[in-house]
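As annotated by TrEMBL, compositional bias 'Basic and acidic residues' applies to B:392-406. Sequence annotations record features per position, and here TrEMBL assigns compositional bias 'Basic residues' to B:408-418. Per TrEMBL, the feature domain 'ABC transporter' maps to B:20-260, B:286-582. TrEMBL lists B:372-418, B:583-618 with the feature region 'Disordered'. According to TrEMBL, the transmembrane segment annotation covers B:655-686, B:698-718, B:738-756, B:875-892.
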Amino acid sequence: MGKRTHDIRPAGRPSGNAADHSTHSTRSTSHSASRPDSAHSTGVGSEGRWSTKRIAMYALFVALAMATSFIEFPIFPAAPWLKYDPSGIVCLVAGFAFGPSAAAIVSVLGFLPHLFIDPWGTLMAVVVALGLSVPAAAVYRRHRSRAGAVAALAVGTVVALVAAIVCNLFVTPVYAHMTVAQVAAMIVPVLLPFNLLKFAIHDIVTFVIYKPISNLVGD
Amino acid sequence: MKAVNDPSPTTDGPAGDDVIALDDVRFSYDGGATWALDGITLRVRRGERCCLVGANGSGKSTLSRLMAALAAPDGGTVRLAGRTVFSDADGARPDAYRQARRLIGAVFQNPADQIVTTTVEDDVAFGPENLAVPAGEIGERIRRSLADVSMGDARRADPTNLSGGQQQRVAIAGQLAMDSRTLVLDEPTAMLDPDARLEVLATLDRLQEHGVTIVLVTHHDDEIRPTDHVVRLDHGHVVFDGTGADPCPVAGAGDPAVRAPEDTGAPVTTPLDEGSPFDDAPAPAVRFRHVTFGYPDAEIPAIDDVSVTIRRGETVALIGHNGSGKTTFARLLAGLETPQHGEIAVDGLVVAAPRRSPLAALRRTASAGLAADNDEPYGNDWPKGTAAMSPRDSEVADAADREWLRRAPSRRAGRRERRELHRRVGYVMQHPERQLFADTVADDVAFGPKSWGLSGDDVHARVVEALELAGILDLADRRPGELSGGQRRLAAIAGVLACRPSVLVMDEPTAGLDAAARRRIHDVIRQLKLQGVTVLLVTHAMDEVSELADRIVLFGAPPRSFAVTPDKPARKTRLRGRLQQVNRRHLEGANSQRHWQERRARAAALANGQPDPAPAAVRQAAPSFDRVAAASSQESSTNERFSWVSSLDPRVKALGFLVLMFSAFAMSSWWAVLVGAVVAVGLVAASRIRPSRLLRQVHAFLALFLVMGLLNVFVVRSGTPLWTIGRFAITDDGVDTALLYMARFSIVIVLGAVMLETTTPTALTDAFGSLLSPLRALHVHAQEIALVLSLALRFLPTLGAEAKAIVEAQGCRGGSVDSGSPCRRMRAMCAVVVPMFAAALRHADNLSLALDARCYEEGLDRTHWRRYHVGPRDVAFAGIVAAQIVAIVLLQL
């Protein structure tokens, strides 16, 4: 992300000479094409896909997803056990800002603290978050515009809706003595409206906040 | 330009032994349009202390990053630790930079953002691990470097619980553990209170005695000692390079906190005149009566039996050292906390009060000539009842009434009263600019009025009024992100003013601002006073107190936990004496360099655990820097929570517990539940956790249990009907199933709680990384992902605290997610979410620098200080897990 180009350096210096100095064979050489000293880089730690900057960004986004995943509140009176938590917004924003792999990392790691509290619920939350944020990030990566964002959110919502309903079919019987058919009977009156409402909030908030945030990210 | 003097004649290195040498260095953030650093030539010699000073924006921080090998310049020559890391001919040399970074440590302004794990010792180990120091040696390095900063006792502490000064010392230890003999510190004391500042400076003094070279960026003139090498920057140029006292201090750049109030010539307090026009006000602006408040888990209350009355239109300064209760007082006043005892009334509105004392109620109703109605619930006349009492009445109130207030538990006002309170009280928290969220300043300021339901024209009028008051009307259409720190602060304050509070609480509104921005905020406070707004100002700056405050509320004054200054002129002298006492303690005497040095030395001795600190003892007390190999202090089983379960290999434990938890969901008979219960109870016993702790965990799930139970009861139709409610029949099978599902879910929750109680986050992330490591073969960045998880857990509480502050601040401006129209709720949500992301990004920026300073690189071959081995216990545990699964499967057949 945001590698600034720097062309005020004294001319005539051969580009790519950093590779000659780098004796570390463990480091990726795919960056030797771009000078390691661009944008004030020292060529240490700030290069590659997992620069320290990127690790720090991912970490804080994961922490944010964790923090928000604990803020749960019911939004659908018909099903008080289905609760809304805003962590999906963090997954979506991470995907928009840094791409599908970031969305995947935030979706998976963000729910890990719940694994030892509610194991099945956590698995379900991870699958749904992945379904929402990874396709959306993939679409948005290709179409970086307002229309692209709308399309991305729509695709993500559809995938996540399917994922949420399929997961519920299998996970609800673990918590309540119900057959898959009984759960299926709840799809139209309960599961579909709840999840639609939930993703609608996710989508609207993401759409509204993404621009101010992308200004901050400098993307 | 060369160093004018040799500031360290005692240096043992040969002449020209420069640790850092810069020649004609240039640096630009905007591609050469402007130069943050222009033609810097500088030498730092081994063992000396080089202080970089200058106004905000002069290039100090940028220069310190170049010196710490964290960034490369645009031109010039940089030699660090004897290596040419950058030259015009070769550009940046990654390999030389890598070596230099290992020899030069860096410490930054924000203490918490440099700490990467949830345990102090693991944090110190992080750097050596990145340098692939053998695991056996890391333990000794941890011991030695923590001793060097006098933090040996805090090895196992959670860094989030440490004070800022302690965190900063841990950050220094993290650099020392990497064998850094040079430290570059970028304003390490800027975010610390005076006591913590002293701690850190004392640590630096001691390190330097042992030969560590120190580059200190500072804006406190009192941190510079006469023998120090001082480099003053101005607009990217070196304007002074010499020893000791600086001949050309920049006007107004000094920290006002070090100016003694006597210097201003103004009286310390300006008592209210006898005939103050505000005296006739019907109810005081703020009245605390016998208020006591303690945070949960705190041993002593933050506020203990405090009574204070603040009249309308007064500007009152709340002063006292950190932790003396100033902010708690402000939070109580703003209705963000509820006191345990006592009564708080703000602007005639009762915020919190115990049920009315029967005696007082009787007296009041009798004097009012009304029929006594003592059984009337307190809530009915809540807003008016006690607030009608004038301060004089409260003096008359009998001892029984007072005793009642002191003892009876207080209740907080209802939702409507609290919303009304937020309308009347404006609360400018510390760093309010962190709550800015909108695209333009005007939109942000409009948030409060809109939340209070004003119409478009009224909102606009309020926004213009508030921006004018703050003197930033010209910034209305600018984006908050592109403003300076002072302008952002003013914009955030305008956002509170737009709510037209009658009482305004400001918590350190000028902290961290330069002189010009401070003056503008002072002007705003004066304007508010003219408009009759009551202002409560929490501050450490004494010039602010003498300039602005009518009265002072002093927190933490012995012997009582707090004192209000009397406002009768006759007692003025005593008041002054008190204030000066505060002064001496807080505002370390800039005029007495010797006094300051003594204080530093004493702090160093104190930090070493010397009972009777004296400067002479420092040398003996200072822990040895000699590289004498002491016995390795690898961890033994001294952990106070040590148990059979906690000693399991975290990888085996995590996997085993997950298997147990998932298999519990397969229990479909009471016999299977019995097996699961026996295993769970056995593990609880073997983990030596107090059952009450576990009960608390389960307690959180009661609501879920209820819903699940009801669902089961209604879903199961088989069996004999017990009751019939409408169309639904509750059967014995239904009840049985509900109980079974609850029982097995309880087992899952208890197992999860045992796991989390016996495993540190560090062990958990280590286990996660270790289990993930086989994926490295598939080019998955297992090590990096594990680090991301570890850092995320570390920053979780930090972000949590920040989220709370943002929600409260926006709540005080009327923003509420759980009431109002969907549109208003959505706006309230954005007002919380955007600042949260901004906070995450701000921490990430700081953290990435800290990772660089610890020499972390992608794909690094690291060592691990904590090593885990699968032992006989782990095998036994795996056996138990297997046995439960076999039993469940057999019982299913």
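We number each residue from 1, going along the chain as drawn.
In case you wondered, yes, glycine gets a Cβ from its N, Cα and C as well.
Annotations in TrEMBL come from automatic prediction, not curation.
From a predicted model like this one, the values you see are computed outputs, not experimental measurements.
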The compositional bias 'Basic residues' (B:408-418), counted residue by residue under DSSP: helix, strand, coil: 4 helix, 4 strand, 3 coil
Long-range environment of the transmembrane segment (B:655-686) - Cβ separation under 8 angstroms, sequence gap at least 6: 643-645, 648, 694, 740, 743-745, 747-748, 750-752, 754-755, 771, 877-878, 880-881, 883-885, 887-888, 891-892
Cβ contacts under 8 Å made by the transmembrane segment (B:875-892) with residues that lie 6+ beyond its boundaries: 648, 652-653, 656, 659-660, 663, 666-669, 671-672, 675-676, 679, 682
Taken over the domain 'ABC transporter' (B:20-260), the model's mean pLDDT: 86
